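Peer 1: The following feature annotations were taken from Swiss-Prot:
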| type | residues | note |
| --- | --- | --- |
| TRANSMEM | 11-31 | transmembrane segment |
| DOMAIN | 69-259 | domain 'ABC transmembrane type-1' |
| TRANSMEM | 73-93 | transmembrane segment |
| TRANSMEM | 103-123 | transmembrane segment |
| TRANSMEM | 139-159 | transmembrane segment |
| TRANSMEM | 184-204 | transmembrane segment |
| TRANSMEM | 238-258 | transmembrane segment |
Amino acid sequence: MRKVHVQKYLLTFLGIVLSLLWISPFYIILVNSFKTKLELFTNTLSLPKSLMLDNYKTAAANLNLSEAFSNTLIITVFSILIIAIFSSMTAYALQRVKRKSSVIIYMIFTVAMLIPFQSVMIPLVAEFGKFHFLTRSGLVFMYLGFGSSLGVFLYYGALKGIPTSLDEAALIDGCSRFRIYWNIILPLLNPTTITLAVLDIMWIWNDYLLPSLVINKVGSRTLPLMIFYFFSQYTKQWNLGMAGLTIAILPVVIFYFLAQRKLVTAIIAGAVKQ
């Protein structure tokens, strides 16, 4: 009995330590976003003596917040919509059509997840540049290419839990394959869609590397690209940078907490097979 209590206390202590380690970056960012530059360098971990709300005003002005926010939002929303639709349609075709080629194509999508982006980024950007496609539309197309592998993998697994008898009954009633997918199968895949959306929002919204390679126009830059300019080679405005990071992180945090309950439901639903 005593051994069980010791294990329980150790697990609780370990959980607290891991939670503090996970929260500490957010604490440092939030606390230092309200400090002056001198106060930040004096003691990074201390609470601010006074709340410097001007940091947020200056950061928003320097970021050109409305433009950068709208660019990031447009790219993220369109990328997720296209990834979800393309991945679910592809997975539906591969899972329902029983051919050897379907298995091979599915394996190609699965193996593609193992290819590191860094190994293809230079030739990819070079090819897109030849077609003058280094734009926001080109960036969305790239996100589709890199995000569809995970999407197909998740949807394919979810479709295994949906009986083919639904498809057969709909075909007998005169439904086309597209109507079966759109009106019957896709709504049943909502848990997987929510899971994929949460993962992709956290990836695309916070992505710096790919937009830095693709987007050249100042008016098309995303929030991560604009925040980078607070940490240039010769000037590092850490307090303004922390305020900018807080502004950029806040929408994702709000979305995650709003979608958390549905995400847990999605994970549970995805674990239950017919």
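The backbone N, Cα and C atoms fix where each Cβ goes, and this holds for glycine too.
From a predicted model like this one, the values you see are computed outputs, not experimental measurements.
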Peer 1: Which one of these stretches, 73-93, 139-159, 238-258, has the most C-beta pairs shorter than 8 Å to the transmembrane segment (103-123)?
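Peer 2: The listed stretch sharing the most Cβ pairs with the transmembrane segment (103-123) is 139-159.
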Peer 1: In terms of Cβ proximity under 8 Å, which residues at least six beyond the ends of the transmembrane segment (139-159) contact it?
Peer 2: 75, 78-79, 82-84, 86-88, 90-92, 94-96, 106, 109-110, 112-113, 117, 124, 128, 133, 185, 189, 191-192, 195-196, 199-200, 203-204, 210-211, 214-215, 270
Peer 1: Same-chain Cβ contacts of the transmembrane segment (11-31) under 8 Å, 6 or more residues past its ends?
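Peer 2: Those are 44-48, 242, 245-246, 249, in sequence order.
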